[in-house]
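Reviewing the structure listed below.
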Amino acid sequence: MFPFQPMYPMQPMPYRNPFAAPRRPWFPRTDPFLAMQVQELTRSMANLTFKQRREAPPEGPPAKKPKREAPQKQKGGGQGKKKKNQGKKKAKTGPPNPKAQNGNKKKTNKKPGKRQRMVMKLESDKTFPIMLEGKINGYACVVGGKLFRPMHVEGKIDNDVLAALKTKKASKYDLEYADVPQNMRADTFKYTHEKPQGYYSWHHGAVQYENGRFTVPKGVGAKGDSGRPILDNQGRVVAIVLGGVNEGSRTALSVVMWNEKGVTVKYTPENCEQWSLVTTMCLLANVTFPCAQPPICYDRKPAETLAMLSVNVDNPGYDELLEAAVKCPGRKRRSTEELFKEYKLTRPYMARCIRCAVGSCHSPIAIEAVKSDGHDGYVRLQTSSQYGLDSSGNLKGRTMRYDMHGTIEEIPLHQVSLHTSRPCHIVDGHGYFLLARCPAGDSITMEFKKDAVTHSCSVPYEVKFNPVGRELYTHPPEHGAEQACQVYAHDAQNRGAYVEMHLPGSEVDSSLVSLSGSSVTVTPPAGTSALVECECGGTKISETINTAKQFSQCTKKEQCRAYRLQNDKWVYNSDKLPKAAGATLKGKLHVPFLLADGKCTVPLAPEPMITFGFRSVSLKLHPKNPTYLTTRQLADEPHYTHELISEPVVRNFSVTEKGWEFVWGNHPPKRFWAQETAPGNPHGLPHEVITHYYHRYPMSTILGLSICAAIVTVSIAASTWLLCKSRVSCLTPYRLTPNARMPLCLAVLCCARTARAETTWESLDHLWNNNQQMFWIQLLIPLAALIVVTRLLRCVCCVVPFLVVAGAAGAGAYEHATTMPSQAGIPYNTIVNRAGYAPLPISITPTKIKLIPTVNLEYVTCHYKTGMDSPAIKCCGSQECTPTYRPDEQCKVFTGVYPFMWGGAYCFCDTENTQVSKAYVMKSDDCLADHAEAYKAHTASVQAFLNITVGEHSIVTTVYVNGETPVNFNGVKLTAGPLSTAWTPFDRKIVQYAGEIYNYDFPEYGAGQPGAFGDIQSRTVSSSDLYANTNLVLQRPKAGAIHVPYTQAPSGFEQWKKDKAPSLKFTAPFGCEIYTNPIRAENCAVGSIPLAFDIPDALFTRVSETPTLSAAECTLNECVYSSDFGGIATVKYSASKSGKCAVHVPSGTATLKEAAIELAEQGSATIHFSTANIHPEFRLQICTSYVTCKGDCHPPKDHIVTHPQYHAQTFTAAVSKTAWTWLTSLLGGSAVIIIIGLVLATIVAMYVLTNQKHN
């Protein structure tokens, strides 16, 4: 029939009868492992290929069970379907077997996974339950020879030996501990402090460890699990569980663990609950019962159940009671898709909508609230209609039910439309809440059409996309970077937020009133009650009836009103509904679709084009969306800038040697450091020297040149004046004597003119014509004297560059103290000189420095939500406000409302009606996910992560920089700290929001102001001690509509989010990196860390065992100053023997890259060094010998680099010798002029005085 034979993975199994074949005899034998794998593969292929299967054969001996049948029991859901189909086929051939059905139910139980099986095996003899009243209240475990049990777990350990041990209490860690007997120490857990991020195991499966926190999926682990250990893959204990708290879809665990030093550390997330099995008790009719086991449930006694829930609405076990009341005992537990069945306790309602199709109306889909605070573009609405339930109250997905004048009707959700400026996409609905994704718009409208009638409701609300990050994009990008954000959860999980419910007020139902003959008859629905109020001939009737009743006094239907009474359903506590008369039973249900932490894809702006200049950076920016550019200096004054760039621009910034950082959009920060480079040549001609120093130190260079110019000018002027004064004093006596003859020497010095000469030019002309030799002598004598004196002064003057030399004192014999800069990544090398021993090199490089302040949480603030009680309306009577006890609660009584109104209050009277309006403030539903924490910061502790090398021994360790806590390694004892500078980037008051820290002077607890940060305050997110001050003022309701109007200040939290400055992450001085969990600053380049070493004698080497240099000569082959190890020095030497020697520069002029070098008996060694000196001259210590290295350094070629300079920066570069030579020449020439003038003036004065005395 077919052109080819079909191919099968194995021969098809023939049809077998549905009854099991007789069991074959079994003989024990050992199957090869490969044969077992082939057999399992063959069986799996057969299961996937054929549908007609016989039942599994009876189980074999225990030895065969795990090999053959265990894999079959772990098949997925696809095989489950086959089993159902097989059951259907069997039903046709014979009656069902009850035992077989029971067996099938047992087989569907979930088998523990690999992690759980491993933990159960390890826990079997190392973890012991703690019993209390016959129940397991928690667990105790034996770790490292010690017994640990949570202190909050009461009861007795289920082991006689361990129960008899006397434990010690450590209340700080919530633990009790004791040493176990010696015979039990072989069976104890081992512990470890190594906790790389990843997954670990505990009794309930996998535990995720990330960012120092242990989390499990929500619902895994509960009360009674306190004391269970968390194990790694090697079976070692990494933590002990104490409790947990739900955080969205995951549960954060409170644990006790160990750090690198073996010290116990406790981590407790906020609002954590202890997981001891303590039964919560609830109350019903003065009788207590476990909240998880109520005596009644809603399906059997709805009215009584609502009353029970109302009594226990503030009980800590309300959630357990609500879940148990919804799920009646004996009812089959349904899947997780049917969570939040509690909304069957409620019903939809009609409420006033301010804008329907035509004006305001009573709408079945009135919109109560709209929220759009997430970063995913979704909108959550609360309406008077309900979703996920049909008209009968049963669960039905993608369905909306609504109240149409007392009748509950339903409609498919796809027939409901929602739109802003354009249509929205409805994602899902649950209870009173609807989740949709909407485009931007200034209003939102919901409508549906039923029986040719369109029902709609619109509310003003600005719907817009909220971008996350530092780029203001309007649509999520396809590609980009992942960033933490807040999104609306698309499920109805319990996340701790509630919406308040209460019994509905009475509603007029005209269909209950009928006219029978000449009298009025009221017929309430079956199982319900009705309140009848009539005014017939001056007679007032007010009566509650359960069955039909005739009122003969009334002859018209308009004289009577029948109010439908309901006490078996709740409605939302809306300000648009009247409150039921009397004490209203209230409750609360969970809010679905809350904000949760998630990951959003954010765009990355095009990388800026960077151009480097001398101490400057130019950024050419071309953003696609408005993007923030933030910069700061990595110095003591950050001088940060924060700018929103919307168009292509060019921005120029200056960069210093201490560093500069910029953050462009959502890109990671980039840092640059300027090098000590400049044009010109510090060793060249004067104009090159001036150009070089002008670019490096413009103000100092201008000042120096000005001073030099002033000195030269003053020198020339002073010399000229002195020469003129001396000449006049010398020639005056001879001018007054007729025919006086002037001595030749005086005439030459004073340039005296002859009798025939009248002017200088005439004198020169006379000498030129009559005596040219005298002419040249007259001109060369001053010049020769000037040259001679200048050369003499140059030889006498000693050129000394001004350097700051920081010498390191030699260490003692056993103890060594030094100081290293507190800057991550900067290596610090030193040596220990001990008499009789070779120098011991020490190298320290801090990889990370943490500054952790001690913080105290003052309060938490977030968005507030205004709660409004349904107005209490009393017709033809007066009311008073009851005492207020809720946060910022306001209460007012309004009279003269609702005259003769037929919609809502239905009052007969005109002005005697009263309404009591109440409004108060509470935390928003999304406060758990979107809130700010106000802390007070105190003294900070410092941790340094160091790479330490002492001699040939290295270690990576963490040390507390407090001057007290030592670290021991290889016999070396190291004590660090305290810091030389008690500095912290955190102010006394700080605010943490969205993973970032802000220095903000927030108001104290209880002193918040309306519209400002802290307008609502709570000690924790879940605590009930809420303080609020929002300027809430109630307004008079408008006649004709039941509502509670009010005015209120805008949210101070929202205003603070808009106005807040950049966080410390972008503005902290000294380049600090700010992190949270815990709040800390890392790698702040400020201050120095004192170090004290205690070094054992075993690490020292005798001098006789080390080489000694007999001759050494140092030459600088290449030297670039202010560059990372830009200097290369070659040392030619002759040593007594080969070996290893420590090298060190005692002064701070140079920083060496090498800590030790290998020496031969004769040769040369190359050493790399860094220096900030233009003309370095330093002594290099090699073992116990010293050699001097000196030379000239040139500036680096690169103006800007991407890493800091790895050398000491405690001094600036010196002035070059060339510059000093030119400077002294200039100043020396000016001094010579002054000296010559003074000498001449002195000679002339002495001659004049002598001549006068002689005369």
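Even glycines carry a Cβ here, placed using N, Cα and C.
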Task: Cysteine of CYS485, CYS534, CYS708 paired with CYS600 via disulfide, per Swiss-Prot - done: CYS485
Task: Of the residue ranges 210-214, 260-264, 655-659, 1055-1059, the one that Swiss-Prot records as region 'Interaction with spike glycoprotein E2' - done: 260-264
TODO: Identify the topological domain of TRP761 and of ARG1080 in Swiss-Prot, and say whether both name the same side of the membrane.
DONE: yes
Task: Listed range which Swiss-Prot flags as region 'Ribosome-binding', given the options 112-126, 547-561, 622-636, 1192-1206 - done: 112-126
Task: Cysteine paired with CYS356, where Swiss-Prot records a disulfide bond, from CYS328, CYS361 - done: CYS361
Open item on the list: From the disulfide entries in Swiss-Prot, identify which of CYS1114, CYS1183, CYS1189 pairs with CYS1141.
Closed with: CYS1183
Task: Candidate cysteine (CYS1114, CYS1119) that Swiss-Prot pairs with CYS1189 in a disulfide - done: CYS1114
Open item on the list: Around the C-beta of CYS600 (disulfide bond), how many further C-beta atoms are within 10 angstroms, looking at every protein chain?
Closed with: 20
Task: Assigned conformation of CYS1119 (disulfide bond) - DSSP reduced to three states - done: strand
TODO: Check the disulfide-bonded residues CYS353, CYS534 for other C-beta atoms within 10 angstroms of each C-beta and report the one with the most.
DONE: CYS353
TODO: For the topological domain 'Extracellular' (758-772), jot down how many residues DSSP puts in helix, in strand and in coil.
DONE: 12 helix, 0 strand, 3 coil
TODO: Taking only the Cα atoms, work out how far CYS291 (disulfide bond) lies from CYS927 (disulfide bond), in Å, as a whole number.
DONE: 27
TODO: Sequence order is fine: just name those disulfide-bonded residues in CYS282, CYS353, CYS356, CYS457, CYS876, CYS909 with a Cα within 10 angstroms of CYS534 (disulfide bond).
DONE: none
Open item on the list: Given the disulfide-bonded residues CYS457, CYS730, CYS862, CYS876, CYS909, tell me which ones have a C-alpha lying within 10 Å of the C-alpha of CYS356 (disulfide bond).
Closed with: CYS457
Open item on the list: Considering Cα atoms only, can you say which of CYS353, CYS457, CYS909, CYS1193 is the nearest neighbour of CYS1084 (disulfide bond) among these disulfide-bonded residues?
Closed with: CYS1193
Task: DSSP-derived class (H/G/I helix, E/B strand, else coil) of CYS730 (disulfide bond) - done: helix
Open item on the list: What's the number of neighbouring CB atoms sitting within 10 A of the CB on CYS876 (disulfide bond)?
Closed with: 13
- [ ] May I ask for the distance between CYS862 (disulfide bond) and CYS485 (disulfide bond), taken between their Cα atoms and rounded to an integer number of Å?
- [x] 16
